Amino acid sequence: MTRTPQTYDVVVIGGGPVGENAAGRVVRGGLRAALVEAQLVGGECSYWACVPSKALLRPGAAVAAARGVGGAAEAVTGAPDAAAALRRRDGFAAHWDDSGQAEWLAGAGVELVRGRGRLAGPRQVEVTTGDGAVRRLAARHAVVLATGSRPAVPPVPGLADAPFWGTREATAAREVPGSLAVLGGGVSGTELAQAFARLGSRVTVVARSRLLGAFPRPAARLVADALETEGVTVLEGRGTERVRRGGDGIELVLDDGGTVSAQRLLVSTGRRPALDGLGLEELGLDPAALRVDDSGRVAGPQEQWLYAAGDAAGGPLLTHQGKYEARAVGDAVVARAAGRLGDSVPAWSRYASTADACAVPQVVFTDPAVASVGRSAEQARADGLEVDVVEHDIDVAGASLHRDGYRGWARLVVGRRRRTLVGAVFAGPDVTELLHAATVAVVGEVPLERLWHAVPVFPTISEVWLRLLEEYGL
Ligand SMILES: Cc1cc2nc3c(=O)[nH]c(=O)nc-3n(C[C@H](O)[C@H](O)[C@H](O)COP(=O)(O)OP(=O)(O)OC[C@H]3O[C@@H](n4cnc5c(N)ncnc54)[C@H](O)[C@@H]3O)c2cc1C
Ligand SMILES: NC(=O)c1ccc[n+]([C@@H]2O[C@H](COP(=O)([O-])OP(=O)(O)OC[C@H]3O[C@@H](n4cnc5c(N)ncnc54)[C@H](O)[C@@H]3O)[C@@H](O)[C@H]2O)c1
């Protein structure tokens, strides 16, 4: 163990997208930062989540897009090439080599400390390196927890003894299994079901409620219908009673007496913050109930030097939102170190991740996609807002031109008192890029009367905005 700690202004534990951004922001503000990473710089997102999952989806989506356009469809003569798709994915995952990201950190002036970090007292971090050596780091101003999340594995009898994939194994798969059972119909399960189905697997999704239960029913239905049309079996409202080895792989026994057999099982049943083993209990903090304020500062008995951001902080489990929190944390730490920011943080300032509460954008990258931002009507009402809801099928000329037989659906949630948009959902092929306009309108609290003058181009899918505003009465 090194006796004298190396001192930095800020120590960040966890080098995923969130940790990298927090450290980068701190250095940009003129402070010295160390970033502690136990595995690969770039985190889950770069190697086992966002990037490889989107890389696995893209070839199937490109082929389906061409098949959906008469004249182009005739040029598509085969199925996606799974081996080539996996090779392309390998490239996007940088072959699980983080030297490029480590270089980025060095260029940004962040010092990388490889090893597993834990809090060893106020402003103290202990890092155990690969060879078992222990280094001590001290932080003058702040320690930031950016340790991400871990999969939540459900207590299904037999699961612990069965071989199964988590999202890590699925996104890093070396081959496409002949058949795949997916337990969990959330975002990961649905995206990976379509990715593997389009690359050649026979896929069954087992969802204990409905597919994409966190999204509006009509949007989720469009996705479920598309999956079923492509040959995916979607079993909704089905619990799993046990998992056992069987046939050439595994078998799920469902609560309606049915069984699902597959060569591989993917368990994608949610994630929770990775806060175990960080020494939080010794500081009087409960890892299962960490609370952070808008600037990411952890509430508790310690003297306000501890921050958390991204998946570790327990808010939206999304890269872009975590990076947004990291920018707020980094800027708040710099401002507090300079005595420019006190305890309270003004909403919508650069030190606050205000949008986390009311304007989180998310896309389910399936085909059709689901893109949503802001509050649902239920969330808005729970927050004390009176809202109106307008819905419209996406049946505009731009959509029909975009893909033959285009099916899409959109919803706006409008605050009645101020007549501003508080939420929006778009579902359909290639609606992904429609979302940012809605995010700008929600964050900017643009009155609908003014939004009326944001004229969507003819013929684009965005014309659905006009239909929705007309539906609202404009
Ligand atoms: C299959 C899948 C697909 C996804 N797709 C998307 C998507 O398309 N878009 C999107 O926005 N989000 C997506 N997400 C969510 C996204 O991956 C996470 O929100 C994001 O990775 C969170 O970033 P983070 O930096 O907080 O954590 P992570 O990316 O998990 O990084 C945390 C880092 O901390 C390190 N670490 C942990 N503990 C320690 C320790 N004690 N000492 C040192 N290092 C430590 C880990 O090794 C890791 O590198 C997806 C998730 C999954 C599972
Ligand atoms: N495109 C994206 O932005 C993207 C993609 C993938 C993941 N993510 C993020 O990663 C996080 C984790 O993804 P996820 O899909 O694992 O979580 P999720 O919360 O989206 O879905 C988990 C699903 O598992 C189900 N489930 C839980 N326990 C179960 C059980 N015992 N049996 C059967 N089903 C069970 C839940 O009902 C839910 O439908 C998400 O919160 C999401 O924000 C984002």
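Cβ atoms here come from the backbone N, Cα and C positions, even for glycine.
Predicted automatically and left uncurated, TrEMBL annotations should be read as such.
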Note: TrEMBL has Lys54, Gly117, Thr147, Gly148, Ser149 binding FAD, and from Asp294, Asp311, Asp331, Asp343 that site also includes Asp311
Listed by TrEMBL with Gly184, Gly185, Gly186, Val187, Ser188, Gly189, Thr190, Glu191 as binding NAD(+), from among Gly100, Gly107, Gly109, Gly270, is Gly270
Going by TrEMBL, the cysteine from Cys50, Cys358 that pairs with Cys45 in a disulfide is Cys50
Smallest number of other CB atoms within 10 Å: among the binding-site residues Thr147, Ser149, Thr190, that is Ser149
So Lys54 (FAD binding site), by the Cβ count within 10 Å over all chains shown, scores 17
Of the binding-site residues Lys54, Gly117, Gly148, Asp311, the one whose Cα sits nearest to the Cα of Thr190 (NAD(+) binding site) is Lys54
Least Cβ-packed of the binding-site residues Gly117, Gly148, Gly184, Gly270 (other Cβ atoms within 10 Å) is Gly270
CB contacts under 8 angstroms to Asp311 (FAD binding site), restricted to the same chain and 6+ apart in sequence, sorted by sequence, are Gly16, Val18, Glu44, Thr147, Gly148, Ser149, Arg271, Pro273, Ala274, Leu317, Gly322
Averaging the pLDDT values of the domain 'Pyridine nucleotide-disulphide oxidoreductase dimerisation' (360-465) gives 98
